[in-house]
Amino acid sequence: MAVLAPLLAVLYAAPGLLRWVSQPYYLISALLSASFLLVRKVPPACSVLPTQREDGNPCDFDWREVEILMFLSAIVMMKNRRSITVEQHIGNIFMFSKVANTILFFRLDLRMGLLYITLCIVFLMTCKPPLYLGPEHIKYFSDKTLEEEMQSDGRVSWIVEFFANWSSECQSFAPIYAELSLKYNCAGLKFGKVDIGRYPEVSCRYSISPSPLSKQLPTLILFQGGREVFRRPQVDKKGRAVSWSFTQENVIREFNLNELYLKAKKIRKHQEESIHENEWNDGKKDQ
């Protein structure tokens, strides 16, 4: 049973793992993250490396390298406690593995450390995380169409995400937001997105800082009657976002999506009944 459970977990996650491996970003990032392990463990590359082991074996970790790797594992576990999606878990592993690799390579040789940093910089400049391309029921706005749509029908409630493609938090939240749009979208409750990286004037209009240090991306705002009534995350006096986890459960609870959805459905039903009643009255008059 102890062997069966992990095996079933791997089989269940196999489609997602294959999807990641098929993406150049994840494949190259995995190779960079495991590069020190490969160099230290795989002959003949490891045979020419310096070592501080008492037995002089260059193809095994010395005590300092083991300490660094154990510290890396502890940091990853701490960071992953707040991760929401599998992509965030994998991203944390990749990021901190590269940091640890940089330290380990510099311990071996200055030239190897510089080469590794160069490869990481080239990777960051040429490879971007794949954007979410799954099903969704979301309308994308520009700086002009956003205001027009918010004012067009006061009976419709809008939840709008302000995002930037370069933000890893926005990328992680994309599948969650798409799933919410598929579940709750109706005639009286709609979902939208606007890219403040492309339309910076929108960020000024709604007081959303695009700076990574502000941690305001993504920002969700609920509009009713053309006015903002609620947003997450909130911003303190210093302009920094108050910590808030963009989980599906938090969005549903904080934005009262279940209640908004039921109200929107009732309004729609009432409108349809009124239309049918008017059509029936018009038909009687014609007779």
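In case you wondered, yes, glycine gets a Cβ from its N, Cα and C as well.
The model shown is predicted, which means the values in this text are computed figures rather than measured ones.
Annotated signal peptide per Swiss-Prot: 1-13, in sequence order.
Taken from Swiss-Prot, the feature topological domain 'Extracellular' applies to 14-112.
A Cβ distance under 8 Å defines the sequence-distant neighbours of the transmembrane segment (113-133), meaning residues of its chain 6+ beyond its ends; these are 23-25, 28-29, 32, 35, 87, 91, 98, 101-102, 105-106, 165, 168, 171, 174-175, 178. Per Swiss-Prot, transmembrane segment is recorded for 113-133.
What Swiss-Prot records for 134-287 is topological domain 'Cytoplasmic', and it gives sequence analysis as the kind of evidence.
Residues or ranges marked as domain 'Thioredoxin' in Swiss-Prot: 137-209.
Mean pLDDT across the motif 'Di-lysine motif' (284-287) comes to 53 in this model. Taken from Swiss-Prot, the feature motif 'Di-lysine motif' covers 284-287.
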Helix, strand and coil totals (DSSP H, G, I; E, B; other) for the topological domain 'Extracellular' (14-112): 73 helix, 0 strand, 26 coil
